[in-house]
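Q: Got a structure here, written out as structure tokens. Questions coming.
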Amino acid sequence: MALQGSLLFTALFVSILNPSSAQDTYFMSINPDERANSHASTNSQRGTDGALELESHDLIVDLPKHRDGHEDRDLDFVDAPLTPEAHTAMLTYLARARRTRDEPDFPEGLTCDICEFLVGKIRSLVAAEHTLEELLAGISEACAFTDLVNRGICRMIVHEYQDQIIYIFNHLVLSPGEVCGLILGDGCATPYFPGHMWSVKLPATPKPPPKTPKIPKPHAPKLRVLQLTDIHLDPQYEPGTKAACRDPLCCRDSSQNEDILELFTKSDPLTSKIAGKYGDYGSCDCPIATAENLFKHLRSIQDQYDYILFTGDIPPHDVWNQTQADQKASIRVLDRLFRKYLPDKPLFQAVGNHESAPCNSFPPPGIPNHNSSWLFDTLADVWGRWLPRAQLHTVAKCGSYSHSPYPGFRIISVNNNYCNTLNFWLVLNATDPCGTLQWLISELQSAEDKDEKVHLVLHIPPGVSNCMKAWSWNFYRIVNRYENTIVNQFYGHQHRDYFQIFLDDTHFKRATGVGFAAPSVTPYSSTNPTFRIYTIDGNYTDSSWAVLDFTTFYLNITEANHSGRLNWQPEYSARKDLNMKSLYAADWKDLIDRMETDDVLFQRFFRYYQALHTDGPCSGECKSDLLCQLREGRSYDPKLCPEKLH
């Protein structure tokens with residue numbers, strides 16, 4: 001999730017304020033239901049109520065009096081040129097950030113001119129002769145100015161990221177336009193620089209002709225695989241606390257603070273929504289009690305699956321208050337649950353963006369005094385129970401590994417946090433960090449040479465907009481080159497239930513691969529907790545190792561909190577409930593085509609997308625965006641979805 005990225009980027013903008021003016025200047029509200037016309041005039045005037053009014057039909061900004069009693073000041077604090085369009089877009093972005101604080105793809109609301117302005121200003125601040133204390137105080141107050149979170153969280157998140165931001169901007173060689181091109185992709189027209197669209201080297205070995213998937217015989221042996229993802233355990237979850245609050249993470253004792261009580265009346269729904277015993281929708285993570293109940297249930301059905309995939313994200317979403325010790329403790333807690341309840345089930349994992357402290361922080365090798373060795377060493381220790389010793393070196397080095405648990409079959413776990421646009425270290429070096437993709441190619445070539453089939457396990461779906469374009473496009477090339485070898489891919493990260501298809505990268509007509517993004521265990525982002533069991537053709541001579549079907553299971557939180565009983569029940573079966581003959585890549589492409597015209601089928605899929613927790617149908621732009629998301633196996637490629645503007 002992208003909260004801290006939103007905070008830092010908005011903080012960069014308002015860092016143009018000096019510390020004294022930032023301390024008593026803040027937005028209380030921007031109308032969350034309206035959007036600004038990017039071409040609207042931004043000439044301002046005072047209304048009869050003293051609020052600042054923009055001459056736009058779509059956006060009104062209310063600036064109340066300051067707490068010290070002084071009158072509001074105008075938005076004339078910009079000491080460098082900012083176009084009217086950028087000015088209005090900045091306000092729109094703040095409004096959008098307030099109502100979608102948990103949205104993974106926050107950069108889409110951040111226009112290029114604002115991004116370049118922000119990067120330039122923070123670079124100037126770092127270069128200026130301010131003390132570190134003055135600089136950090138200014139950025140903290142700037143964060144508070146955005147009114148996205150309270151002042152205390154702003155101070156803590158700036159403290160969390162201070163070393164990273166200071167180092168990056170002291171060593172940054174890219175221009176603001178180039179930085180924004182990396183973060184926002186082709187939406188920004190940036191000058192060419194060599195690191196923007198780098199390429200990994202594929203072997204000279206010719207690509208074998210594509211093979212038609214082989215349908216297994218009816219009684220052929222099968223394996224079943226449990227996938228869990230994005231559990232986000234919160235040991236501080238407290239029933240009876242605020243389930244809706246202005247903090248990025250609620251359902252804690254700290255959710256009931258004076259700032260919240262000042263801002264909302266008793267009639268406001270934010271003060272009346274109370275956290276249930278077993279979880280709650282919105283900005284609340286998974287209680288330990290719910291996680292323990294899940295593992296007890298998984299133990300009771302352990303004869304229904306042969307091994308486990310966990311695709312990342314263990315700690316809670318309190319990204320402003322996490323240490324390396326906290327993250328290691330979260331990893332150990334989950335490991336104890338697996339050891340206690342499922343000690344004999346092989347477990348293969350991928351590293352999530354939330355495992356690091358600070359969140360999303362995965363420095364490429366070679367940056368002095370900044371590395372991920374503390375995390376990777378912990379993962380190597382925890383994961384080592386089910387991996388050969390030889391693979392623990394690659395885990396400790398880059399957070400990836402390759403392992404063959406059955407003859408003719410290989411699982412490759414790829415640390416693709418090196419493609420995450422919120423991993424700000426990548427603005428220093430985004431060219432195949434840690435050599436991960438080149439290593440992946442060598443593993444796939446070895447598998448091809450041995451006629452092995454491969455499942456790829458990653459945390460971040462490679463087609464989402466917060467996966468850097470160059471990394472995503474290189475990964476797409478790799479999937480196409482090894483389409484006969486890579487049978488399926490498994491993701492997490494988005495907390496939603498969907499898939500992404502890969503097409504031949506010449507004509508974009510033939511499906512060459514599919515990746516399954518499983519829904520989360522945590523209810524954060526307003527979904528029911530889920531897990532999934534795949535049926536796979538496997539573990540016999542010449543088996544395809546392809547996913548034949550899967551069933552997703554869910555917990556209805558509302559019912560659990562009301563009755564006190566936790567009922568993990570089937571949500572849907574892919575083949576039966578999506579009317580699919582099989583689950584090969586071509587079948588998923590066909591499903592997208594059918595959902596274009598069959599709205600009943602699409603609305604059913606949309607309910608599964610949100611784990612049966614949705615307020616209504618998805619139509620118009622909502623539908624077209626979701627169908628595009630299913631087609632986009634690589635980020636920022638208009639050829640995959642021409643109707644979507646990137």
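Glycine residues also receive a Cβ, built from the backbone N, Cα and C atoms like all the rest.
Automatic, uncurated: that is what TrEMBL annotation is.
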Q: Write down the one residue from Asp303, Asp306, Asp313 that TrEMBL lists together with Asp230, His232, His495 as binding Zn(2+) 1.
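A: Among Asp303, Asp306, Asp313, only Asp313 appears alongside Asp230, His232, His495 as Zn(2+) 1-binding in TrEMBL.
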Q: Based on what TrEMBL records, which one of Cys419, Cys434 is disulphide-bonded to Cys467?
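A: In TrEMBL, Cys467 forms its disulfide bond with Cys419.
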Q: Given that TrEMBL lists Asp313, His459, His493 as binding Zn(2+) 2, which residue among Asn353, Asn360, Asn539 does it place in the same site?
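A: Record source TrEMBL; matching candidate: Asn353.
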Q: Can you look up which of Cys284, Cys286 is joined to Cys251 by a disulfide in TrEMBL?
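A: Matching partner in the record: Cys284.
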Q: Looking at TrEMBL, which of Cys115, Cys245, Cys250 bridges to Cys180 via a disulfide?
A: Cys115
Q: So around the Zn(2+) 2 site, Asp313, Asn353, His459, His493 aside, which residues have their CB within 8 A of the centroid of those CB atoms?
A: Thr229, Asp230, Thr311, Gly312, Val351, Gly352, His354, Asn417, Ile460, Gly492
Q: What's the CA to CA span in angstrom from Cys143 (disulfide bond) over to Asn353 (Zn(2+) 2 binding site)?
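A: That separation, Cα to Cα, works out to 22 Å.
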Q: Which of the recorded positions listed here (Cys180, Cys251, Asn353) have a Cα atom within 10 Å of the Cα of Cys245 (disulfide bond)?
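A: Candidates kept after distance check: Cys251.
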Q: Please list, in sequence order, the residues in the chain of His459 (Zn(2+) 2 binding site) that are at least six apart in sequence and whose C-beta is under 8 Å away from its C-beta.
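A: Looking at Cβ-Cβ distances below 8 Å from His459 (Zn(2+) 2 binding site), excluding near sequence neighbours, one finds Thr311, Gly312, Asp313, Ala350, Val351, Gly352, Asn353, Asn415, Asn416, Asn417, Tyr491, Gly492, His493.
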Q: Counting every protein chain present, what is the number of Cβ atoms, excluding its own, within 10 Å of the Cβ of His493 (Zn(2+) 2 binding site)?
A: 29
Q: I'd like the number of other C-beta atoms within 10 A of the C-beta of His232 (Zn(2+) 1 binding site), please.
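A: His232 (Zn(2+) 1 binding site) is surrounded by 26 other Cβ atoms within 10 Å.
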Q: On the 0 to 100 scale, where does the mean pLDDT of the domain 'Saposin B-type' (108-192) fall?
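A: Taking every residue in the domain 'Saposin B-type' (108-192) and averaging pLDDT yields 76.
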